[in-house]
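What TrEMBL annotates here:
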- 51, 53, 66, 69: Zn(2+) 1 binding site (BINDING)
- 440, 442, 444: Mg(2+) binding site (BINDING)
- 809, 883, 890, 893: Zn(2+) 2 binding site (BINDING)
- 215-494: domain 'RNA polymerase N-terminal' (DOMAIN)
């Protein structure tokens, strides 16, 4: 798809007629005025197949032009596409090309935007042809100077003002000659001059290559938009509401007509000039109101929305109408919990179902002969006849629907379900999918969409069904894990107790134990024995099968819900899940079970995290179907048992802590001592503050530890927090211990602690201190949401064209990965980094030298564990960083698809998934730039969300570290107390460098250390732009990857490397040409690495000198705007600038990304939209061939017949 400048002839060829009058419609007859902005002769009839005077009506006259009123008989839809034009009485400059930065006209003419403005708005004359006078071409003359020169030289020179003069100058430019001169000039130009020359050359080359003519930047004729896109509607008071564009067009037409009249009357020059200037301003306002001077405003002093405003921003054409559309067959309602649903079901209220599936019901009613025609069927539905409900049941069976909850932060925000009819008006949602939607039932609403075509239904069923979405695409961990009631139910059920009724009974099998439980012989928590031989399918060893296993009744029942051949789960350990039950739980026949139970410790119950691990293992072994069945069983069991448990909580569950007064007394003593030291001047105020904070934090920890000691395992509040169902130990500390220190509004911790707990009640002062933190929490959350959302949007925009395009790109480079650490703290272990990735080189055991994994092998969990166990520290893997695939990645460099646990398939939109995976947890990151508590020499380092933004936008980091530019030994570190600095000298092989740092800087190197270039000398963040200059691209990419992981992992958010790799690779796509060699590239030009390679390949083949370039790192906003697709860039930000540039260059959009295809209404080239899948047609067997379109057509036909 191509964009370019329109020539005056092109504009006239689009037009169906000239608009000569500013009138819109006749207010008496409400008919459009002739030759006006809504003229039916130009734009087409307002009524379908009916001319203006009514002589011709009906479709049979289609295409005829009425001889009376001159209107063509056709569909009124043409009023949305037919354009008109206005012939201008004087040329007018297009504000985009004159006012944009840089001014395109200014660059072509080599004039400053200031001079251009003076000429265009009639403040100065410009010399067009100096003749034989000493004047120079393009020289500006003021009114007075012009008069003097005219008196002096007469007609020997030619000077004019206004856009007409600029048009002549533009037409005079010999593009090729100018370009050649500039190329010569570039050979020895430097500084500002060189930069300006490069920019001019760039624009001139753009005009030459695109075939656009510079004089087309000045308009002789302007197009008029189709009237139905700038409508005028009558309101109920008889008044009219009209689009702002009509007012702007009217101003242009009025001024244009007045100018024509003045020219006919041969009015004085000054009056004509003034009118021309006003016409120029009117056209400026029409194209981009407010770009120059004060915006033209309408009633109520509101600035009018011009053509540019229709495209810009969230409410503009791109984002509002092209990237996001309202669709039919959708609805929204409040959601409610549906605990009885299966994993892939949702409850659909009957009134909604009737409306959403109306066409399907109507079709079925007619097909079954229950209604004579479509209209009768419609009436039947409106009357709610009994037949309708029978049909409805059958229609919705097997017809999936999509549910979406805003904000849709990742792809799990839209999932497919099979509808089940429910009473009431709220939709029912399965409790386990709440995590993915981040939904709760306190009034949340969700939207529902009905997929209509067979293909859409198949895709919903096969790819989007909720039962398939077990794993999170972010980290490959299960996202559907039981919560709250379900957790507490399973926790209660798997608890063990000493001395419960029936302890030591031995049962034949689970059924017998269950019968004993139902008859109150044993409790769920009773420890009993069971014959192992009663589990024929479970993978016990032959030795174990002959024995009795010690377990509890609850665990026997819990194991019933697991797949038959899955390991028996007897204790919450990873080994039990993977390897089976430990031998210590087995007794030989005849051994005394009571004696065994006397000494056996109690096994802890199953908590939330363990259930999650269990689900992951079940998924790994059995894939989707069995896992979703298991999930439904775990949910049902959890709800049932939590009801049976009768868990309650009361104020009596909270007990006072007897040791608390002593702990507080001790802390107060220590604080008094520190204050005394400060008063004597032994410590600074900062040290005093830090110690006081430390003392109170220790006191709170001591209270917490004492509480844990006193805690009763059967206390319901403890059970809730211990199981992971709700709350944690710090909540308990605040209830029964002390609240501790609070943060002030500025984020600094206040020295005054809140000593009370909620059980005792807070004093007025304590309540006041507490409220700061609560308010800050609320405001932070609100701000974080907006920031995080904007980050996600930028990430999606920069990576949306990254799709898995091929199986193997054949690269010979890989990425060497090691565990990411921060000092002694482990950030991301090697296991996490290599799991689910392909090896680039074989991995060998460092001790024995035997091969563990071959080359190009997908590392699974077992292999990864083997590699780590063997003590391997570095593994070279395939990575997106080193992938050679254009506009995407290959399957091998990407590795495993985290959401399915299988190899990634061609067509997977991995860029969008990566953006969502990084953006979605953004709301959980902190919003602060952390203060490290006033310790001297600790620069503020950014953390949390601002740090992620700093990295991906490639900004200069706060608290920047100085890096060494040479590889060598640290020769000396000398302090200079007078200047409060220290000098670090690094001696390289060829040269020695000295770096000056502040005296407070904390060093990362010591004298005598051998360091490589790019090593940070002091603590802080490295500037990636410096690193890429000193080192290479891969080192910079690796550094940025580690930095992003630090932020997320420190907040406890797991994120796969591959997502971050894709984002960082998008930032490194471009190179800047340093020396063009024999290619036709321009020095300083920014271009894609792929395009640069292609250009060089051609030169090398023909034996010429190739170009040289150096890699550039772009922030994601800049990278998104520099993409090859102008549609994608224009819909992102700076719409007018992107379109101005694209038009001049005559850019061609290759339509490889997702956004540009959505914008022009094509199927996206990803997933099932990939060209490889497009030719597959569904095989239809016994399908009633009808579509919604046919149905609508049928209804129209019936309407006509009636």
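Heads up, the Cβ atoms here are built off N, Cα and C, so glycines get one too.
According to DSSP, residue 893 (Zn(2+) 2 binding site) is assigned to a helical segment. Residue 440 (Mg(2+) binding site) carries neither a helix nor a strand DSSP state and counts as coil. Between the CA atoms of residue 444 (Mg(2+) binding site) and residue 893 (Zn(2+) 2 binding site) there is a gap of 40 Å. Looking at the domain 'RNA polymerase N-terminal' (215-494) alone, the prediction's average pLDDT is 91. Other than the site residues 51, 53, 66, 69, same-chain residues with C-beta atoms no more than 8 angstroms from the centre of those residues' C-beta atoms, the Zn(2+) 1 site, are 52, 54, 55, 56, 67, 68, 70, 71. Listed in sequence order, 434 are the same-chain residues at least 6 apart in sequence whose CB falls under 8 Å from the CB of residue 440 (Mg(2+) binding site). On its own chain, residue 809 (Zn(2+) 2 binding site) has 883, 884, 885, 889, 890, 892, 893 as residues at least 6 apart in sequence with a Cβ closer than 8 Å to its own Cβ. Neighbour density at the Cβ, taken as the number of other Cβ atoms within 10 Å, is lowest among the binding-site residues 442, 444 for 442. Cα separation, residue 66 (Zn(2+) 1 binding site) to residue 442 (Mg(2+) binding site), rounded: 63 Å.
Apart from 809, 883, 890, 893, the residues listed for Zn(2+) 2, the same chain places the Cβ atoms of 806, 808, 811, 878, 880, 882, 884, 885, 889, 891, 892, 894 within 8 Å of the centroid of those Cβ atoms.
The sparsest Cβ neighbourhood within 10 Å, among the listed binding-site residues (51, 53, 69, 890), is found at 53. Between residue 53 (Zn(2+) 1 binding site) and residue 442 (Mg(2+) binding site), the C-alpha separation comes to 60 Å. Residue with the densest Cβ environment among the binding-site residues 66, 883, 893: 893, by other Cβ atoms within 10 Å. Surrounding the centroid of the Cβ atoms of 440, 442, 444, where the record places Mg(2+), the chain contributes additional residues within 8 Å, namely 335, 439, 441, 443. Residue pair residue 69 (Zn(2+) 1 binding site) / residue 442 (Mg(2+) binding site) shows a Cα separation of 62 Å.
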